[in-house]
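Participant: Shown below is the structure under consideration.
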Amino acid sequence: MGGDRGTEEELTAQETALYDRQIRVWGVDAQKRLSKAHVLVCGVNGTTIEFCKNIVLAGVGSLSLMDDHIVTEDDLSANFLIPHDVCMHGVSSRAEACCESLKDFNPMVRVAVAIGDPSLIDEGFVDRFDIIVVSCASLKTKLFINDNCRKRSKHIAFYSVECKDSCGEIFVDLQNHSYLQKKPGGEPEQQELTYASLQVWKFDLIFL
Amino acid sequence: MASAAAPASSEEAVKAAKVLMVGAGGIGCELLKTLALSGFSDIHVIDLDTIEVSNLNRQFLFRKSHVGQSKAHVARDAILKFRPNINIESHHANVKDAQFNVDFFKQFNVVLNGLDNLDARRHVNRLCLAAEVPLVESGTTGFLGQVTVHVKGKTECYECQPKPIPKSYPVCTITSTPSKFVHCIVWAKELLFAKLFGDKNQDNDLNVHSKDGSSSKLDVFERDVDEDLDQYAQRIYDHVFGYNIEVALENEETWKNRRRPNPVYIRDTLPEAVKQNGSSWDCSNDHEEPSAMASLGLTNPQEIWTLAENSRVLLEAFKLFFEKREKEIGNLVFDKDDQLAVEFVTAAANIRAHSFGIPLHSLFEAKGVAGNIVHAVATTNAIIAGLIVIEAIKVLQDDYKNYRMTYCLEHPTKKLLLMPVEPFEPNPSCYVCSETPLLLDVNTKVTKLKEVIDKIIKSKLGMNLPLVMIGSTLVFEDGDGLEEDEAANYALNLEKVLAELPAPVINGTKLTVEDFQQELSCSINIKHREEFDEEKEPDGMVLSGWSAPVEKQINSNGENKSAASSSSARATDDTVEDPSKPGMKRKLDELLETKENCDASSSAQVVEDDDDCTMLDGNPALIKKKRLQ
């Protein structure tokens, strides 16, 4: 994973003060790992901006937004990150419009616009990230990105999300994921999960 | 009040709605955002709090530059930035203030709570009942949360199911026989810290007598004239951790079945400190907040200090209070955001814990216990806010068949993270929304009216400005606008024992208790009793007739303003059930039980399909209370 802090480095006083309440939920180690993680979000919509808000507040290492669609009236109706300035409308990309607000939520997180087309991002590009979230993209694009994530030696987590009216869907691919399971009154146990790729999930698995 | 004709669509209902949001914190910020995005355009917000740094990890409408400002006002301004055309009126005030009376509540179509304490929740519940306005309640703790709907006459009110009351500990556990870390924290906070730095006139259970009566002082905690600060600190250390323990050990009976504590003296824990005299190692400059950790070069609040380190921190913190914050001594109240106070209490609690063989804790953990800190993340609040709006829209459309109480779990149960449950009908024995007399066991010859008012009427019954009548005699009234002679009369009555009131209270007497603002009235039948169990009934009185609250160990935010005994405490523990989830365990167990049984029953409507949201109505025969029809 990329990152600026050594594994032994403690959280700064500023981080401890800001993240106090959530450290009491997931612990210092998780907070440290979070602060070293790099996230890419392809597709800015109501759902992904909720995610952006939450991950930035939580103190992720960096967040990159990829969406060069120009902001329209429609976007303003579902997006609380875009201020009502006239200059945004018709001029900025959705990624640009959201960036500043997100930086504001947590100055300790690097938030930036990623220029590019999700359907064209290559292996080398995905390698910069630990987590990629994709929305408002074609199945073909999602398959392509998921495939690239799986090609790398480091585990890049892949999420695809879509919402429509009162329905929503999340697809998760953590590849081979190992974690520690807390056991009440005992030692934590190592667990392993194997996720199917989007390709397998959509086309190869047979449902009874 | 809701308009006469039911709105045609949810969009119309939302457009026409006038909504009150109580609380602009964790849930409030998310809720206000969701309301705005959902098309609500007429919103009132009430919050008495100001913004703190620790809020900023989830209360995203606020910025560092806003620290110290009103949450209600700043939240409003932030929303207007992306929705300039909606009406938001913000009140930086306590929802319990007189201005928020029944008439105020009546103007709303629905009330949405985003509160963090039981007291205010009960108050709002009563006002909503009085104003006949539906209430959507909610709460979160870490990954857990819930949303509940309360509509007068149709569903349970918020108080129909008893809520766990804040845990309090018997005095002897705190002063003599602690067995858990929380007991040590309470001792350090409410006894030692209070004795040294708090109001001198307050009662305190610490033993003040010195070893051999050699000093002429009555109170060994007082500093001798010209006593060296180091010496004073060490003397106090030895007194509370050494001498007091030795005194306790003299009572054989206490330790028959308990581990004996070890007295701890400074000469053993910090031999070098005894020889040292004069100035401390303090090299922090005057501009920074004084901190023992900083002076001693301890940087990690997650670290568990050794006995020696705890001792150094204690002595250093002690001295820093006297050296840098002398003016505050005598007035200090423990505040979890006061770094030096937290350091002092952590160290003191740890040394005591060491004596009693209880595991030590880090400053981070100790602070959580001492400060009743609720752990919190943004995501749970966001989920709950979404659910609140969904229920609010149902309420606005009078869609009562679809009202749901929704519980947000940490781990999926039966593949569900969100568990919706149909609301129950009102509890016929709820003293708040139904007329039910209560019963109070009390010693009328010994108990003063003041105690009944504080411990029962204000505390347990949650009345704010109560009025107490015996027959037609008014014995007590609270509030503004009292005549001088009336107030004097009531003050006298407070100090009288029940049997000696102008209208004597004896076995069988009925008290009528009212709170006009809450429009709540109830009767309490008195039963005279002389014997009370000190451990199980520490208040010396017992209220029943209403489903009595279950005392569980909880992480509480209950702001209990009544004069707390020195042993009362609200603290976190390893097994936490929070008050924001009333009766949660029991209800969930019921639900899971019925689900289990339903799978086998032919009348079940269970769809074993992962893609569908499985919602069980349950076999009516198995459920004790009636569901909404």
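Cβ coordinates are placed from backbone N, Cα and C, and glycine is handled just like the others.
A quick note: this is a predicted structure, and the numbers were derived from the prediction, not measured.
Found this in TrEMBL, in case it helps:
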{"type": "DOMAIN", "residues": "B:9-430", "note": "domain 'THIF-type NAD/FAD binding fold'"}
{"type": "BINDING", "residues": "B:23-28, B:Asp47, B:55-58, B:Lys71, B:116-121", "note": "ATP binding site"}
{"type": "BINDING", "residues": "B:Cys157, B:Cys160, B:Cys430, B:Cys433", "note": "Zn(2+) binding site"}
{"type": "DOMAIN", "residues": "B:299-367", "note": "domain 'Ubiquitin-activating enzyme SCCH'"}
{"type": "DOMAIN", "residues": "B:441-532", "note": "domain 'Ubiquitin/SUMO-activating enzyme ubiquitin-like'"}
{"type": "COMPBIAS", "residues": "B:586-598", "note": "compositional bias 'Basic and acidic residues'"}
Participant: When C-beta separations to chain A are restricted to under 8 angstroms, which of the binding-site residues B:Gly23, B:Gly26, B:Asn57, B:Asp116, B:Cys157 qualify?
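Facilitator: Going by the Cβ criterion (under 8 Å to chain A), the qualifying binding-site residues are B:Asn57.
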Participant: Which of B:Cys157, B:Cys160, B:Cys430, B:Cys433 has the fewest nearby Cβ atoms, counting only those within 10 Å, among these binding-site residues?
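Facilitator: Looking at the binding-site residues B:Cys157, B:Cys160, B:Cys430, B:Cys433, the Cβ with the fewest others within 10 Å is that of B:Cys430.
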Participant: Whole-number Å distance between the CA of B:Asp47 (ATP binding site) and the CA of B:Cys157 (Zn(2+) binding site)?
Facilitator: 23
Participant: Using DSSP, would you call B:Asp119 (ATP binding site) helix, strand or coil?
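Facilitator: Reduced to three states, the DSSP call for B:Asp119 (ATP binding site) is helix.
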Participant: Return the count of C-beta atoms lying within 10 angstroms of the C-beta of B:Asp116 (ATP binding site), excluding that atom itself.
Facilitator: 23
Participant: Provide the three-state DSSP residue tally for the domain 'Ubiquitin/SUMO-activating enzyme ubiquitin-like' (B:441-532): helix first, then strand, then coil.
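Facilitator: The counts are 26 helix, 29 strand, 37 coil.
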Participant: What residues, ordered by sequence, lie under 8 A Cβ-to-Cβ from B:Gly26 (ATP binding site) and sit at least six positions away in the same chain?
Facilitator: B:Asn55, B:Arg58, B:Gln59, B:Gly114, B:Asp116, B:Thr140, B:Ala376, B:Ala378, B:Asn381
Participant: In the structure shown, which of the binding-site residues B:Gly23, B:Asn57 has the fewest Cβ neighbours within 10 Å?
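Facilitator: Comparing Cβ neighbour counts within 10 Å for the binding-site residues B:Gly23, B:Asn57 gives B:Asn57.
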Participant: For Zn(2+), what surrounds B:Cys157, B:Cys160, B:Cys430, B:Cys433 with a Cβ no more than 8 Å from their Cβ centroid?
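Facilitator: Neighbours within 8 Å of the Cβ centroid, excluding B:Cys157, B:Cys160, B:Cys430, B:Cys433: B:Leu129, B:Glu156, B:Tyr158, B:Glu159, B:Pro426, B:Asn427, B:Val432, B:Ser434.
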Participant: Please report the Cα separation of B:Cys157 (Zn(2+) binding site) and B:Asp119 (ATP binding site) in Å, rounded to an integer.
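Facilitator: Checking the Cα atoms of B:Cys157 (Zn(2+) binding site) and B:Asp119 (ATP binding site) gives a distance of 15 Å.
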Participant: Just name the winner among B:Asp47, B:Asp119 (the binding-site residues) by count of other CB atoms within 10 A of its CB.
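Facilitator: Buried the deepest by this measure is B:Asp47.
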Participant: For B:Asn57 (ATP binding site) and B:Cys160 (Zn(2+) binding site), determine the Cα separation and express it in whole Å.
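Facilitator: Rounded to a whole number, the Cα-Cα distance is 34 Å.
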Participant: Across the domain 'Ubiquitin/SUMO-activating enzyme ubiquitin-like' (B:441-532), what does the mean pLDDT come to, as a whole number?
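Facilitator: Value for the domain 'Ubiquitin/SUMO-activating enzyme ubiquitin-like' (B:441-532), mean pLDDT as a whole number: 91.
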Participant: Any idea what the Cα distance is from B:Asp119 (ATP binding site) over to B:Cys160 (Zn(2+) binding site), rounded to a whole Å?
Facilitator: 15
Participant: Whole-number Å distance between the CA of B:Cys160 (Zn(2+) binding site) and the CA of B:Gly23 (ATP binding site)?
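Facilitator: Rounded to a whole number, the Cα-Cα distance is 22 Å.
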